[in-house]
Amino acid sequence: MPVSTSERTPLLDRDQDSGPFAFTPEQLYKLVDPKDPNLLNSYGGVKGITDGLRVNPDNGLSSDEGLDSHRLPFEERRKFYGKNVLPDVAQQSFFSLVWEAYKDKTLILLSVAAIVSLAIGISEDFSSRHPDDEPRVGWVEGAAIVAAVAAVVFTNAINDYSKEKQFRKLNAKKEDRDVKLIRNGKEQQISVHEINVGDIMLLEPGDIIAVDGVYISGHNLTCDESSATGESDTIKKNTLENNGDPIILSGSKVLEGVGKAVVIAVGPNSFFGKTMIALRGSESDETPLQMKLDLLAEQIAKLGICAALLMLITLTAKYFITAAMADEFPDIADILPAVITIVIQAITIVVVAVPEGLPMAVALALAYATTQMLKDNNLVRVLSACETMGNATTVCSDKTGTLTQNKMTVVEGKIAQETFEGLAHLDSWRSKISDAVFDVLIEGITANSSAFEDKGESGRVDFVGSKTECALLGFAKHFGVDYRERRSAVQAERVYPFASKKKTMTTVIKLPPNAPAKSDPNAEYRVHVKGASEIVLKSCNRYINANGQIKELDESGKQQVEITITMFADKALRTIGLAYKDATSSEAKKFNDDDAPNDNLILLGIVGIQDPLRPDVKLSVEQFKKAGVFVRMITGDNILTARAIARDAGILTKGVALTGPEFRAMSPDEQRRIVPRLQVLARSSPTDKTIVVTRLKELDEIVAVTGDGTNDGPALKLADVGFSMGIAGTEVAKEASSIILMDDSFSSIVSALKWGRAVNDSVRKFLQFQLTVNITAVILSFVSAVMSDESESILTAVQLLWVNLIMDTLAALALATEPPTDEVLDRYPTSKNASLVNYRMWKMIIGQAVFQIAVNLTLLHIGPAVFHLSDSPHDKAALRTIIFNTFVFLQVFNEINCRRIDDHLNVFRNILNNHVFILIQLIVIGGQFFIVEFGGVAFGTVSLTGTQWLVTVIIGFLSLPIGLIIRLLPNWCVPEHILNEEVKPMTPEKMVWQSAYADVTRRMRVFNALRKPPRKLSNKPKIDRSSSSHSNASNNFADVVRGAMRPSNHTS
């Protein structure tokens, strides 16, 4: 309906500071987000916009606007509305990344321990009490901790820096492209960065629109706004007078037609620009692993301090009791050095207890995983996202471009009375069709089309145009047909473009002499028609069969075709009818330019087109289900299409399918109740996706979100882990995501899940190993020092340094570099609140620590008798060496034992796949051999005999059978909530039960509403029993029922 002149009078408040123009950037942006045609009408329509922006829609801007000796062209306009360039993101310097990595509680604790250790070690080395025959190596422990901290900090910083560099390289494409516009009354090509608000832009098929605009004029301009809105249906642009959609969004793509638009927003003020800027600079929350590590580090530090205080009190008490029992009490000159020595030993306990290798293990595991994930087509932008993904409990996926290929494809059809289902059966169908029928079909597809092939942004050649036409050309291309060759072989006489009223497109071509399947021998022209199947079917009175025979299409035949159309529609396929007819020269002369000759057609067939699933989606969804990860689909498509795709993918089982408006209308409490069963959300807006993610996070879910469009940006940023598509994804989606799928494959998310779980497992394996060593070393040092006459530990400081190297750096390398296997998908996600060290791990840690302490203390007491050693200095050194060697080999074999953190018995499974683990074990064994045999001066060792070597290795080997026995210990006395730390997903049975319960509740509400007694009508006028009153009563009754059943508008 045309808009009246009075209605189009601008309603702007002229007192607003709109500068030299009638509109501020904020006022113009209100037209775009959300689209508001009524507001455009209040601004005076297109004329009001162009007048307010001081531009003539026919001539465009003047190239020398505002040009003088002091100012550049468009300087005033750009100062007010901005340039079409987004401000650069300030890249963090390497040293700022170093500082960020250092701000970790564990690293700060280690730094304090290193300073204390260095101060005491250096003072001890140069004190008068230091023996002359021992090397001055007291500083080494502190220096080793400093080196470990530096290694962790620089590893993390280098990883973050390289990932950011890779991301920038990924986006380093030709952003500066040329666009067409009108200036000075002439068509010009300029850089996209030079567009101004007020420019008159020309749009053609294939253009990626870089700015927001308002449609002025054109022909059949159709845009794909799926990347911005999530709506896969194309949007036809038209003026307000024609009740069309005049708002053109930046980031959308022109599919067909041509048009002219006035630019209303550029750069950071545009829809695309605001979305990009909104995603910058937000800090990510601490990941579950980081929070657990911080808590564990604090607990270990507290335990270490308690052990040190206990040792300080015990040794001090022992010293003074011994002194009191002596004949002469020592003077202050003797007491002071002894107390200092005791304090040093107590502080050493703290240093030994601190897990300096823990942050290194995490850093190495993440660095190794992200490097290997890149080979699996996962570019990790945020390092912590890798381990967060391992505990993901739900994946919220976009449909278009993520689950599907974002490419309409012919998936089913019935052509020439022969059917096919799926692309795999096309060749079989082709073998049943005569060449003549096939040639007519291909002729109609190629000639009756305006789509064409072109190279896209990614460099891939693809069809550009209407998605329906692209699907049909793709169908022809499957058979090796060159559409250009077929299109150039015919001469188009008349073209009737697709019109929304008629829902068909018709092309009249001149027939070559040898044209196939002529219905009339005298025919010189052929009319090809395609369009909505029911419209095309009504215009047909004949059909062609597989042999090329043309037969009458009676009512029974039409009913059969209608059944086919209904079957396709039930599968959410878009049905397209294909038909043709031949015409003589005299008949062709009667064709007019307004009405297409769509009568008495011959039906070729019906095809069903659909945006098909990616080939790997079904398998990936099954793998996610097996791993206990709940997959949800959130799309802008209609509910029928969404349900059909979700069922096909295996996502929609017994859960709930809702539309965005239905979900949005619920209260937050209702949303929280329904969201655990929500499997499909259709007709959703970007806000809906954000609400779903928010509600899931409120329920303590760890949420991964996938998406490729601009509209997915906020949800990708809000999620714990955001996945964007590297090929089809927009820059907004990539900027918002934490992991980029380089191959756009949904199955790559499964790889990310496996690597995430592998990282978490690696950290836990290392923890199990290190805590065993820590507990053993602390207790052994404590007990041996208390039992020793000299209050000295059985292990020297340098020997403890080698043990620290084994249990920190080398163990971190060995246990943090194990690649994942499919076995990690056989369990459910670990709870967000689960302890980092679970019951099974504590059982192994305590069991192994008790065994190792018992073995070493036994050797300390009965070793001389077992190995026939005397009290000579050499034999005493031999005993210390035997205990040291036994202690190291207990760690070597326990490291193999720590490859499993569950109750599975085979600790050697897949060990040959981890070459780093085998190499490090060989390095440790080789290093131990050289230390024992040739490191006597530095390490206080002596050479051992073959028998002594054999016995110490065998004792060390006993860690493996002890681990087997510990795993076989029954868990029957342990409560289930302690034993089982997994998050159990919503099962189909539970969804059915909850749905039935909700249904019964709704029915009870209706029943109770109907049972309510009628209100008293005393002192009221007599009720009119007319039909009008009866109608009102019926409406009231319906309102009661609808009100009682309000939450039931979802579909299960």
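Using N, Cα and C of the backbone, Cβ positions are placed for all residues, glycine too.
What TrEMBL lists as domain 'Cation-transporting P-type ATPase N-terminal' is 42-122.
The region 'Disordered' annotation in TrEMBL covers 1-21 (among others).
Here TrEMBL flags 1014-1052 (among others) as region 'Disordered'.
The transmembrane segment annotation in TrEMBL covers 106-122 (among others).
The transmembrane segment annotation in TrEMBL covers 142-159 (among others).
Sequence-distant neighbours of the transmembrane segment (300-321) (same chain, 6+ residues past either end, Cβ-Cβ under 8 Å): 109, 338-339, 342-343, 345-347, 349-350, 352-355, 774, 778, 782, 785-786, 791. Feature annotation from TrEMBL assigns transmembrane segment to 300-321 (among others).
The transmembrane segment annotation in TrEMBL covers 333-354 (among others).
Annotation source TrEMBL lists transmembrane segment at 837-857 (among others).
Summarising the annotation, TrEMBL assigns transmembrane segment to 877-896 (among others).
Residues 135, 802, 806, 810-811, 813-815, 817-818, 881, 884-885, 888-889, 892, 895-896, 899, 943-944 of the same chain, all 6+ positions outside the transmembrane segment (916-937), place their C-beta atoms under 8 angstroms from a C-beta of that stretch. Taken from TrEMBL, the feature transmembrane segment covers 916-937 (among others).
Annotation comment: TrEMBL describes 949-969 (among others) as transmembrane segment.
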Reported mean pLDDT - the domain 'Cation-transporting P-type ATPase N-terminal' (42-122):
81
Residue numbers, six or more beyond the limits of the transmembrane segment (949-969), whose CB comes under 8 Å of its CB atoms:
843-844, 847-848, 851-852, 855, 867, 882, 885-886, 888-894, 896-897, 903-905, 907
Per-state residue totals over the domain 'Cation-transporting P-type ATPase N-terminal' (42-122) - DSSP helix, strand, coil:
43 helix, 3 strand, 35 coil
